[in-house]
């Protein structure tokens with residue numbers, strides 16, 4: 001299978017490192033697996049015979065690789081290499097999903113399977129993209145878009161096939177969870193905790209995306225559509241962030257055996273807001289961890305906990321890639 005990675009940033013580099021580490025396992029599934037193209041915001045590298053993985057990794061940045069085409073676009077790369085699988089890892093744009101949305105649409109229309117960690121396109125055009133994938137007989141997998149390394153969609157797709165999911169609650173943003181955790185345990189104010197999060201590199205360039213609840217809202221839309229079959233757009237989500245949460249509010253909650261968490265709720269309606277959560281509830285995780293609590297008609301209550309961002313997200317991307325390889329191997 002010929003594969004192209006569109007978006008060679010933090011996740012792209014970590015993915016390529018994992019591909020090298022897991023090379024034997026990948027080749028056992030698909031002996032013909034090869035990486036034919038990689039792009040970033042400034043250009044791309046392409047080889048129809050397959051790029052040397054160590055050469056790309058050791059170049060100190062894609063633009064320093066000897067076969068790099070400066071100024072080339074990701075769409076040019078896709079047209080040039082016509083990959084069987086596109087791994088779309090460009091940064092999320094919650095405003096309109098671009099450029100990832102165009103990359104994914106283009107890939108599906110040319111008959112390429114798509115694996116993505118980019119929640120923007122799925123939040124804005126989930127049903128349209130799925131229809132495009134079905135039309136062209138290809139797979140669109142997106143495990144890494146919500147809760148990072150937590151195998152949520154795979155669990156529902158493979159292990160809860162007869163279940164009807166009736167309600168979901170999620171702590172889906174590690175930045176706000178870190179801030180609220182610091183406020184809970186250290187009893188510091190919101191601004192001090194936000195400053196810490198910024199210093200640790202946990203926030204988006206625009207912190208309001210995190211603290212305003214917008215990142216969690218994107219993920220809630222994907223959950224609502226993908227797992228519960230709703231027709232929800234981002235504008236339908238009632239969203240309230242954590243900017244007004246005070247140290248005193250946290251202290252009062254703590255005295256009663258609760259804490260305050262930014263919770264995404266997917267049920268009859270979809271909303272994101274600060275909620276009181278019992279400290280002994282399985283949903284109540286701390287630090288940058290994510291958690292998702294499911295209620296279903298057969299399995300009852302299930303809770304998944306794991307890393308929602310960082311290099312652990314590569315686990316979800318790799319699993320989706322292996323899924324495509326296994327389903328298409330003959």
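Each Cβ is built from the backbone N, Cα and C atoms, and glycine gets one as well.
As annotated by TrEMBL, active site, proton donor applies to 219. According to TrEMBL, the NADP(+) binding site annotation covers 7, 8, 9, 10, 11, 12. Among the features that TrEMBL reports, NADPH binding site is placed at 119. If you look up TrEMBL, you'll see 204 marked as L-homoserine binding site. The domain 'Aspartate/homoserine dehydrogenase NAD-binding' annotation in TrEMBL covers 77-143. Among the features that TrEMBL reports, domain 'Homoserine dehydrogenase catalytic' is placed at 151-322.
Structural mapping of features recorded in TrEMBL.
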{"residue": "7", "record": "NADP(+) binding site", "Cβ contacts under 8 Å, 6 or more apart": "39, 40, 74, 88, 89, 90, 91, 100, 118"}
{"residue": "8", "record": "NADP(+) binding site", "Cβ contacts under 8 Å, 6 or more apart": "16, 38, 39, 40, 62, 89"}
{"residue": "9", "record": "NADP(+) binding site", "Cβ contacts under 8 Å, 6 or more apart": "40, 89, 90, 91"}
{"residue": "10", "record": "NADP(+) binding site", "Cβ contacts under 8 Å, 6 or more apart": "311"}
{"residue": "11", "record": "NADP(+) binding site", "Cβ contacts under 8 Å, 6 or more apart": "89, 117, 311, 313, 314, 317"}
{"residue": "12", "record": "NADP(+) binding site", "Cβ contacts under 8 Å, 6 or more apart": "5, 38, 40, 87, 89"}
{"residue": "119", "record": "NADPH binding site", "Cβ contacts under 8 Å, 6 or more apart": "92, 94, 142, 145, 146, 218, 219, 222"}
{"residue": "204", "record": "L-homoserine binding site", "Cβ contacts under 8 Å, 6 or more apart": "175, 210, 215"}
(request) Note the Cβ centroid of 7, 8, 9, 10, 11, 12, the recorded NADP(+) site, then list each other residue of that chain whose Cβ lies within 8 Å of it, in sequence. (result) 5, 13, 14, 15, 40, 89, 90
(request) Could you check what DSSP calls residue 12 (NADP(+) binding site) once collapsed to helix, strand or coil? (result) helix
(message) DSSP-wise, what's the residue breakdown of the domain 'Aspartate/homoserine dehydrogenase NAD-binding' (77-143) into helix, strand and coil?
(response) 33 helix, 10 strand, 24 coil
(request) State the count of C-beta atoms found within 10 angstroms of the C-beta of residue 219 (active site, proton donor), not counting that atom itself. (result) 24
(message) On average, what pLDDT score does this prediction assign to the domain 'Homoserine dehydrogenase catalytic' (151-322)?
(response) 96
